[in-house]
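This report concerns only the one structure given below.
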Amino acid sequence: MGLPGVIPALVLRGQLLLSVLWLLGPQTSRGLVITPPGPEFVLNISSTFVLTCSGSAPVMWEQMSQVPWQEAAMNQDGTFSSVLTLTNVTGGDTGEYFCVYNNSLGPELSERKRIYIFVPDPTMGFLPMDSEDLFIFVTDVTETTIPCRVTDPQLEVTLHEKKVDIPLHVPYDHQRGFTGTFEDKTYICKTTIGDREVDSDTYYVYSLQVSSINVSVNAVQTVVRQGESITIRCIVMGNDVVNFQWTYPRMKSGRLVEPVTDYLFGVPSRIGSILHIPTAELSDSGTYTCNVSVSVNDHGDEKAINISVIENGYVRLLETLGDVEIAELHRSRTLRVVFEAYPMPSVLWLKDNRTLGDSGAGELVLSTRNMSETRYVSELILVRVKVSEAGYYTMRAFHEDDEVQLSFKLQVNVPVRVLELSESHPANGEQTIRCRGRGMPQPNVTWSTCRDLKRCPRKLSPTPLGNSSKEESQLETNVTFWEEDQEYEVVSTLRLRHVDQPLSVRCMLQNSMGGDSQEVTVVPHSLPFKVVVISAILALVVLTVISLIILIMLWQKKPRYEIRWKVIESVSSDGHEYIYVDPVQLPYDSTWELPRDQLVLGRTLGSGAFGQVVEATAHGLSHSQATMKVAVKMLKSTARSSEKQALMSELKIMSHLGPHLNVVNLLGACTKGGPIYIITEYCRYGDLVDYLHRNKHTFLQRHSNKHCPPSAELYSNALPVGFSLPSHLNLTGESDGGYMDMSKDESIDYVPMLDMKGDIKYADIESPSYMAPYDNYVPSAPERTYRATLINDSPVLSYTDLVGFSYQVANGMDFLASKNCVHRDLAARNVLICEGKLVKICDFGLARDIMRDSNYISKGSTFLPLKWMAPESIFNSLYTTLSDVWSFGILLWEIFTLGGTPYPELPMNDQFYNAIKRGYRMAQPAHASDEIYEIMQKCWEEKFETRPPFSQLVLLLERLLGEGYKKKYQQVDEEFLRSDHPAILRSQARFPGIHSLRSPLDTSSVLYTAVQPNESDNDYIIPLPDPKPDVADEGLPEGSPSLASSTLNEVNTSSTISCDSPLELQEEPQQAEPEAQLEQPQDSGCPGPLAEAEDSFL
């Protein structure tokens, strides 16, 4: 088939003639029609085929990018046709043919018809391809087509990667080829013609990373004046290779502008095309379009912008203000004018023809800003408007081409206020009331009256007054405008002809800003005397009510007695939030109840702000002793109900904890028929601080010899040779020690016992039947009739005693920690000394005047021992057994300073709190060894989780004591558990199945969580599981003292043990002499041992 490159002139002239005829002839709406019809045809090789396409306008045939040979004609019915004749066809004629309207000769019609022709050619399996079509570029993961087109639609075609025989499963279309998603590889198509395999050309697929096109178009100015320049930028982000094409108004006149390409390297990269017209003309107004395309995938985008070229600049108002603008006094007011202008104008604000400027004090603010390219807003902000700012304002906006101005009046509205309301009594008997007020706008005056003075302001509407026809009242009003103040003043005078009873008259002024009123009571000329009396009574009542309120507030702020001991119920997962047992909800066991007639109160051992501790004699507490000296805790008669509840809570906690050798044990209680009494053990030598102060001289005298180190100290039951007691040291039972009187006030009001029991009176307590072992050093002491086991019966205070005190306190606190009990006030003042230097932990804050005690600091309605408290307790109110460990470290410092006051160098103010936060710790005491001070430092760790538990402190202190001391302590502890001590007996009555054997505590465990309840011990607050006897026996190391616990022995003995009575054994075999006397070394500077050698604590 011949496809000439140039159409002959005759044919061209025919087409022009047909076009003219079409323009002059009738129009039809008929579409394109191909004859013969069909989507595809299969032709025999070397055959001839004719296709005719007709339409309502000149039409033509297209094959791909070529124009095949065709003949155009105009039919008689007014339609146009084109005949395509294919002669001697070959396989190369296979392809698609399009019939389209000839756009260059007719209207722009976009309709087109397609037909596909196959010419099977055995010599040509695949259609030949141009070399550029063998390279296929794809972007991202989009589908593409490998154009393996064949001449015969009956052939089966497969796609392979080159050099791989396995075909790929990709959809195939005989007219298009394989369509799918391909990787960056080389592909080949295969088919079979007869018995011959035919391969296509090799296709190369390449993936290109082409990001999406992001086009932005902006102009320096979209509005320009004639003669100014136009500059438009078209910017593409993130693409490296793009094509720019501009469309602009000058193109119509053939005046082209060469754009400039600008490369801006960076992340991301930018490419820009700049279209610049240096001198704008009015004809340059219009739309400027920037079309950007990517040559790889023909993807593109375009943006347009409108440019207006004006002959001259302009200024036009868009939003104006009214002729009168209102501002309210002392409120900010913004006056805003919106206008449109080009170029940007200058703006001035004037008040009363004087130019305004920004106020340095911020009272006036001027601003003009762009809302858009040619739209502006100018604002005048008056901050807290004043009356002087009222007046006439003008806003001027101008430039060299145009000017506009706006004028208005600013009125400042002032709230109305009554300045004066006065009453006068002229001589003619009239009542004259004058009301003067001011405001802007002009206020209106309203007078009203009410005769029921009690109900008038609340329930009755006043009756309006005015000029009465009966001439009972006359009203006169004058209005004046003050130009300087820019407000109106109203003066209204009301004249009442006759007033026969008290009358309430109200003057009310009102305007748009609100109203104000005042009232005056008009009375007859003779004022009744009862008004004066009533006023005085009311004033007195008000003063009385205020005084009562003040007294109630002071009473509520008065400190209350609070129990310091708390029992932990549960702990949060992070270990920083604790829930404590509410002791109010605990039951009280009546087995602890002691009849009041079996208790005889004696002298006061200590008294405080909330209560007192009294020495007493109890009858019938034990089987072996008819009477027993005890200590009784009680509240004052003025105690509040909350304080009584606190004391009852303390009783419940003590009754549930159980007995222990180093805790002041509960012996009984009186809760019925009178005030609450808590009966505890009596410790004759008072608290540890007072004990250390009283015996400090014996310690210092013993260690005054510098050649006698503490390690040479021996455990002795007798005085060293050559050591004599000072003459002023009295060791009798009644005067040696005793409770430290913690209150200087001896006149304590006791609750009369006669009110409860008529046959019981206060009596002096007789001296106990037992005498202190110290008495054997006093010539007048009677002969002792028995021998008791004591930890230490030496009257001399030794270093071993200090370590022993620390060891015993640690044992007692370990017992409380095992019960989840937090002490919260562990200090030397709350540790008592008993016979044989046995120490017991207590809480006698009830008997201490904490409001005058410098050791307690007021915080809210309570007093806190801040010097003994851990940082988490001071700053976060967190109390745990490990915060008690911190307090134990302070107690060690007290012991080894012989009763010193902690932090002597720090005042109790912000300096103390800042020092604790910075990690300040007290220095090593003079009498403390390095081992003791190391224990103190462990107790003072900043993070409470790293402090050692009391079980570990017991072991650390136990290592510093000799075997003799530990054995005697263990012996005393065992005798205590086997005795008929009242605490033991009553606990056995409540828990008959509890074994006396104590299981050693696991030193690695710290009490963080509450122990789960056990059914067999359901009376305990937080019960512990029953230990197995055989396991406990095996776990107890030989020679080590048993740790504290509340378990009891079922075996009762006939003897009774008291804190101050020597421990008597059931059957004590004949004892030999305690220890052989050791010879005193000659010429020794150190006192020699006289009895059993004291084990070194080092």
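FYI, residue positions are counted from 1 along the chain as it appears here.
Keep in mind that glycine also has a Cβ here, set from the backbone N, Cα and C atoms.
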Statement: N-linked glycosylation site per Swiss-Prot, picking from Asn88, Asn1052, lands on Asn88
Query: Which of the listed positions, Asn467, Asn1014, does Swiss-Prot note as N-linked glycosylation site?
result: Asn467
- line: Of Asn291, Asn730, the residue that Swiss-Prot annotates as N-linked glycosylation site is Asn291
Message: Which residue does Swiss-Prot record as N-linked glycosylation site, given the choices Asn214, Asn792?
response: Asn214
Task: Could you tell me which of Cys290, Cys456, Cys507 is bonded to Cys435 by a disulfide, according to Swiss-Prot?
output: Cys507
- request: Tell me, if you would, which residue among Tyr685, Tyr856 (modified residues) has the fewest other CB atoms within 10 Å in the structure shown?
  value: Tyr856
Statement: For Tyr969 (phosphotyrosine), the three-state DSSP class is helix
Task: Would you kindly give the Cα-Cα distance separating Tyr685 (phosphotyrosine) and Tyr969 (phosphotyrosine), rounded to the nearest Å?
output: 19
Message: With Cβ-Cβ distances below 8 Å as the criterion, list the same-chain residues six or more beyond the ends of the transmembrane segment (532-552) that contact it, or say none.
response: none
- prompt: Among all the protein chains here, how many other CB atoms are within 10 A of the CB of Tyr969 (phosphotyrosine)?
  reply: 23
Message: Please count the residues of the domain 'Ig-like C2-type 3' (213-308) that DSSP assigns to helix (H, G, I), strand (E, B) and coil.
response: 8 helix, 54 strand, 34 coil
Task: Fill in the CA-CA distance, Tyr856 (phosphotyrosine) to Tyr685 (phosphotyrosine), as an integer in Å.
output: 23
